[in-house]
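Here the structure comes first, spelled out in structure tokens, and everything after it is commentary.
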Amino acid sequence: MIPVVALVGRPNVGKSTLFNRLTRTRDALVADYPGLTRDRKYGRAHLSGYEFIVVDTGGIDGTEEGIETHMAEQSMAAIEEADVVLFLTDARAGLTAADQAISEHLRRREKTTFVVANKVDGIDADSACAEFWALGLGEVYQMAAAQGRGVTNMIEYALAPYAEALGLNRDGDDEEEKEEREYTEEEAEAEQTRLQDLPIKLAVIGKPNVGKSTLTNRILGEERVVVYDAPGTTRDSIYIPMERDGREYVLIDTAGVRRRSKVNETVEKFSVIKTLKAVEDCNVVLLIVDAREGIAEQDLGLLGFALNAGRALVIAVNKWDGIDQDIKDRVKSELDRRLGFIDFARIHFISALHGTGVGHLFESVQEAYESATRRVSTSMLTRIMQMAQDDHQPPMVNGRRVKLKYAHAGGYNPPIVVVHGNQVKKLPDSYKRFMMNYYRRSLKVMGTPIQVRFQDGDNPFEGMNTKKLTVSQERRRKRMMTHIKDKK
């Protein structure tokens, strides 16, 4: 399971700066979908070979009363469920009463916590950081998040135990190698067969009170809920094996399956970290949206995370029954306007409470998974690349036309197409989006994002010295140049 790092601290100590530095390397995929913005509170990060989820908890003002009563429930849950807590302090401001109150709260939680003294640039860092040892949370790590100083070392140290325990990849170059890897036809077929035989992991996600629990109960059947109503840990979602129409599934329930008497609770506990971990671990995301509230910013944040993770996607607009036709028309119009950039995702209008439309969800889930694990040959991918190139020539870069040579499969779930050529990494984002959309239309991909990666081909003449002309060849060249000038 991917580890979670929570950033904790009073306001203005640099949590957002560190968050942006850690997550900015993962913005590229979200940028492929105009109209979708990255969530400012949580995101995926990749640094020094580690991949992890980072959460900016916020919500702590440091006062004793604030710790107990005014801290947002989201922040409490994030601290409780995180694997590692980075407790940020301000080295310039020194130790404050707010820092001491937060540290006392963290000590009571017995979390794996690292004290980070931020903003050490331009000051005597050792002297400034000495007083933070009084917090009683162990070693104090120095960092200047705005400049990036000390960030990599901090993450490496904090996540090293999880690398060993979870077998995480520590080789920073492996991701690039994975991108470049070309499947043989036999390997591609074997991988597809393996994926098709596995149960489909389906994560039901959505903001609070959209009906996740109701839908989960409807899918499982009321009589099965009690079976899975066992006390679980607060850190993990519930994994429920099930079968439908002869196909095996694992339903990842982020809300927690409850007894019938508890389903009608007005407030549903929402855990961001549970949701993000479920998205990382699943094959298909089922995003539930409330028809009465329309598309909220939190919906777009969850959607962006799912797309960034490359997950297949089905959208269910819940509570569709009992609303007027003019409201339905308005909701559909808003969906077209705000979700037009993910036209590959099926949208269903359902009532989880009454079961209307729920049965058809699994048709789209299976379609999305099959699209995400579909095998396409190198020859087909190269032919589509050539057709795209004929329809719309790549632009000139440094006075030379970018040339696309061939394409091959680079992975499944999500489908990855690797395009090789000359100077392809210098292609503008607009042309890369054109290629992504061209592949999606040509392959008739439904229910899953498709990733197109570009790999520059090696120049066989690079590094070779050009052969020097002989004296006679030099004279002949000069005579020819003079002759050309005279003709002009």
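Even glycines carry a Cβ here, placed using N, Cα and C.
What Swiss-Prot says about this protein:
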{"type": "BINDING", "residues": "9-16, 56-60, 118-121", "note": "GTP 1 binding site"}
{"type": "COMPBIAS", "residues": "172-190", "note": "compositional bias 'Acidic residues'"}
{"type": "DOMAIN", "residues": "200-373", "note": "domain 'EngA-type G 2'"}
{"type": "BINDING", "residues": "206-213, 253-257, 318-321", "note": "GTP 2 binding site"}
{"type": "DOMAIN", "residues": "374-458", "note": "domain 'KH-like'"}
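Per-residue confidence over the domain 'KH-like' (374-458) averages 89 (mean pLDDT, predicted model). Between the CA atoms of Asn209 (GTP 2 binding site) and Thr57 (GTP 1 binding site) there is a gap of 21 Å, rounded to the nearest whole number.
With every protein chain in view, the residue among the binding-site residues Asn12, Asn209, Thr254 whose Cβ has the most Cβ partners within 10 Å turns out to be Thr254.
DSSP places the residues of the domain 'KH-like' (374-458) in helix, strand and coil in these numbers: 32 helix, 26 strand, 27 coil. Checked against Lys212 (GTP 2 binding site), the binding-site residues Gly9, Asn12, Val120 differ in C-alpha distance, with Gly9 being the nearest.
Using a 10 Å Cα-Cα cut-off around Thr57 (GTP 1 binding site), the binding-site residues Gly206, Thr254, Trp320 reduce to an empty set. On a Cα basis, Thr254 (GTP 2 binding site) lies 40 Å away from Val120 (GTP 1 binding site). Within the same chain, residues at least six positions away from Gly206 (GTP 2 binding site) with a Cβ under 8 Å of its Cβ are Lys212, Leu287, Ile288, Val289, Asp290, Asp299, Leu302.
Cα separation, Trp320 (GTP 2 binding site) to Lys15 (GTP 1 binding site), rounded: 40 Å. Cβ neighbour count for Lys212 (GTP 2 binding site) (all protein chains, 10 Å cutoff from its Cβ): 26.
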